[in-house]
Amino acid sequence: MKTLLLALAVVVLVCLGSANQLGLGRQQIDRRQRQAIGPPYGLCFQCDRKTSPDCSTAKKCPWYHTTCYTLYKPDDACGEEWAVKGCAKTCPTAGPYERVKCCYKPECNND
């Protein structure tokens, strides 16, 4: 029983170590240069007005998705309102009667 627990502990430690090497753990910071080490990621608000109208928490984006965007669509009052907020590698293209606003700083699509 003790050997089984010891083997399980070793497997957990090895898996956690490999997760950190893959960048799945905490973001590492180079203290001297004050920069993040490893693949860049964005921190954007990600939601759809139809499924979650309250978009109050920013989420970590996938690797290299550093562009935050807000997609606006026409509303009933002849104006426009946001329809989708998210992150992408590059700024998405707006469709007909749509407008996309892109930004490149963490949590910048909170409007």
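Here the Cβ of each residue, glycine as well, is placed from N, Cα and C on the backbone.
Per Swiss-Prot, these features apply:
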- 1-19: signal peptide (SIGNAL)
- Q35: pyrrolidone carboxylic acid (MOD_RES)
- C44-C68: disulfide bond (DISULFID)
- C47-C55: disulfide bond (DISULFID)
- C61-C87: disulfide bond (DISULFID)
- C91-C102: disulfide bond (DISULFID)
- C103-C108: disulfide bond (DISULFID)
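Positions of the features from Swiss-Prot, shown on the structure.
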{"residue": "C44", "record": "disulfide bond", "Cβ contacts under 8 Å, 6 or more apart": "A58, K59, C61, C68, Y69, K85, G86, C87, P106, E107, C108, N109"}
{"residue": "C47", "record": "disulfide bond", "Cβ contacts under 8 Å, 6 or more apart": "C55, V84, K85, G86"}
{"residue": "C91", "record": "disulfide bond", "Cβ contacts under 8 Å, 6 or more apart": "T67, Y69, V100, C102"}
{"residue": "C103", "record": "disulfide bond", "Cβ contacts under 8 Å, 6 or more apart": "T67, C68, Y69, N109"}
Where C61 (disulfide bond) falls in three-state DSSP terms: strand
Most crowded position, judged by CB atoms within 10 A, among C87, C108 as disulfide-bonded residues: C87
Cβ-based isolation winner (fewest other Cβ atoms within 10 Å) among the disulfide-bonded residues C61, C68, C102: C102
